[in-house]
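Q: Let me give you the structure first, and then I'll get to my questions.
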Amino acid sequence: PSSAVTPDAEKTPGYWNKGARRRLELALALQPAAQRAKNIILFMGDGMGLSTVSAARIYKGQLAGGSGEESVLAMETFPHMALAKVSGAALGGTLLLPLLETPPHPRCFQTYTIDRQVPDSAGTGTAYLCGVKANAKTLGLSGAAVYGKCHTTFGNEVDSVLHRARLAGKSVGIVTTTRVQHASPGAAYAHSASRGWYADANMPQEALRDGCKDIAWQLVHNTDINVILGGGRMYMTPKQTPDPEYPEDPDQNGTREDGRDLIAEWLNAKQGARYVWNKKGLDEVEEDSVSHLMGLFEPKDMRYELNRNTSTDPSIVEMTEKAIRILRRNPNGFFLFVEDDHIPHAGGRIDHGHHSGRAKQALMEAVMLDRAVARAGELTSPADTLTVVTADHSHVFTFGGSTPRGNSIFGLAPKKAKDKRAYTSILYGNGPGYSIRDGARPAASLPAAEDKDYRQQAAVPLETETHGGEDVVVMAQGPMAHLFHGVQEQHYIAHAMAYAACLEPYATEPGCRAARRASHGTRCLPQPLLALLAFCMAALIVRG
C-alpha cells in the first residue's frame, strides 16, 4: 500500500490482489547476487528490536503526513532477511558453508552471550563483528576472558571484520551517535576485559599494572582506521584539558591521567589526517584531501536528533555520507560500521532513548538511521556493495491497545484501562516510567504524551529500562546478501560478511582470487613495483 492510495481503494479486493501479485512477481524474479562484495556497510541500530522497527515505520509515515501504517522504511526494501538469536541454546560452530547452496528464505539471529540469556552491547558487538560469542561486558575477546580481569585478556583476543578488512587493503570507518569508545564501535577495534574502560582514568590500578590498555588508547593504536566519527572527546585528552565546545564547564574536561593527547598522537602518526570537532569543520573537509578523518563532536555521547543543534552538530546521515565519500576512493573497497544507539544512557541513541523510557527520542533515532541507510544506497551500488542492517538486541518496548488506523504512534489507546484511566499505546515492561501517585497509576494525557521527553509508563520500577531477549532482524542487499536467511546465531553475521568480501578466514575460498583481480586491476601490483615502472616510463619519455 502507498500513502497516496485513498481509503476507498483499500476497501476493494482488487487493490490488495494487485499489490500481492506485484510483490509475488518481484519475489519470483529475485536471484542471488553470487559475486563477491567490494564494499560492506554494516548499519547497527543499538536496541532496534522488531517492535522498534515497526513503530519507527509508522512514525516515519506520520512525519510525512500519512497515517503511517502503510509507510516503508528504506531498510525494509532490502530483498533478503534473517533473524538473529539473542537468547537460547548454542548450536555450536558456524554453519556458513552448508548454507551457501540453500535457497534464500527469512532468517533470524539470536543475541544471547555465553553467560547471559539477555545480552549487552559489548557481548553482542563481539559476536556480529568478530564472529564469536563472548561474555557480557567484554570487548573483542573470546569466552575464555573474564569480565573485569585484565590478565584474562592476553591470548584471548579476537579480530573484527573491520580489522581484517583493513589488513586486506580496504579502507575502514566507524560512525556512531555515541562515544566512539562505546561498546558497539569498540568491538570493531578493542580487546578489553571491561566495556567501561573508556580511558585510563576508568581503569583499576591492577589492570594498569597488568598491562591492559584503555579503549581510547586502542582506538588510536590497534587498527589503522581511516574515518572515526562520533562523540568521546574527553577520553582522548589529558586531565583538566578544557573542552573546545564547553571550555567553561569542568565536567567536560579531558580525563586522561597518563597525560597523553591521543588526538595529537593520531594526527602525527597519519599522513594526510585531519581532526574536527563540530559540523562546520566536518563540512569543510574535502574528501579528496584527506586519507584519515577523526571527528569527535561531543565530550561523551552525541545529542539526540530531537535535541541536536543542527548548526553545530552533524547528523548520522551527514556523518555517514562524509565517511562513504572518503572511504570509496580506495580501489580495493571499504568496510563501514554505522551505529545509532536508540536508548538514552548506555549505547547508541536508539538504545539510550529506550533505557530512559523516552520512546519519541528512540524512534526518531531509528528514523534517522533509516535515512542514513537510504543515503548510503544513493552513494553506493548494490552491484558491488553488501549493505546489512541489524540490531544488537531489543528492548522491553511494545505498542498496542487496539488503536485505530492513523492513531499517533505516541497517542492514547481508545479505551481506558481496568483502573478507569487512559494509557498510551506505547508501554515498557520495566523502567523509569513506572509511577504511582496517591495509590494509583496516573492517567496518560495529551498533549503531554506527544512531548519528546515524555516517559511512557512501565510495569516494573527500574532506574533504567532493560534490554529485551527476543531475536532481532537482519536485512541485507548486495553481493552474497542471500547468505542472510533463516534463524541464525548472531555471530554468523560476521562470518557471512567476511565470506562475501573474501576476508579471513575465507580469503582463499573459490572465486576470491578472481574477485581481487577484477577490483584491483593493475593496482594489485605492489607499490614499489608501480614506482619502478613509473620511473622507467619517465626515463623512456625523456630519452625519446
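Cβ atoms here come from the backbone N, Cα and C positions, even for glycine.
So TrEMBL lists the following for this protein:
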type: BINDING; residues: Asp46, Asp351, His355, Asp392, His393, His467; note: Zn(2+) binding site
type: BINDING; residues: Asp46, His182, Ser184, Glu339; note: Mg(2+) binding site
type: ACT_SITE; residues: Ser121; note: active site, phosphoserine intermediate
type: REGION; residues: 237-257; note: region 'Disordered'
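Structural setting of the listed features?
A: Of all Cβ atoms in the protein chains displayed, 27 besides its own lie within 10 Å of the Cβ of His355 (Zn(2+) binding site).
Every protein chain shown contributes to the tally, and the Cβ of Ser184 (Mg(2+) binding site) ends up with 28 other Cβ atoms within 10 Å.
A Cβ distance under 8 Å defines the sequence-distant neighbours of the region 'Disordered' (237-257), meaning residues of its chain 6+ beyond its ends; these are 199-202, 216, 263, 277-278, 298-299, 312.
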Q: For the binding-site residues Asp46, Glu339, Asp392, work out the Cβ neighbour count at 10 Å and name the residue with the minimum.
A: Glu339
Q: Compare the C-alpha of His182 (Mg(2+) binding site) with the C-alpha of each of the binding-site residues His355, Asp392, His467, and give the closest one.
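A: Of all the candidates listed, Asp392 is nearest in space.
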Q: Rounded to a whole angstrom, what is the C-alpha distance between His393 (Zn(2+) binding site) and Ser121 (active site, phosphoserine intermediate)?
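A: Between the Cα atoms of His393 (Zn(2+) binding site) and Ser121 (active site, phosphoserine intermediate), the distance comes to 7 Å.
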Q: Counting each residue once, how many in the region 'Disordered' (237-257) are helix, strand and coil under DSSP?
A: 3 helix, 2 strand, 16 coil
Q: By CA distance, which of the recorded positions (Ser121, Ser184, Glu339) lies nearest to His467 (Zn(2+) binding site)?
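A: Comparing Cα positions, the candidate nearest His467 (Zn(2+) binding site) turns out to be Ser121.
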Q: What binding-site residues in the list Glu339, His355, Asp392 lie within 10 angstroms of Ser121 (active site, phosphoserine intermediate), counting C-alpha atoms?
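A: Cα within 10 Å of Ser121 (active site, phosphoserine intermediate): Asp392.
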Q: Can you tell me which of the binding-site residues Asp46, His355, Asp392 is spatially closest to Glu339 (Mg(2+) binding site)? Compare CA atoms only.
A: Asp46
Q: Measuring Cα to Cα, how many Å separate His355 (Zn(2+) binding site) from Ser184 (Mg(2+) binding site)?
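A: Approximately 16 Å lies between the Cα of His355 (Zn(2+) binding site) and that of Ser184 (Mg(2+) binding site).
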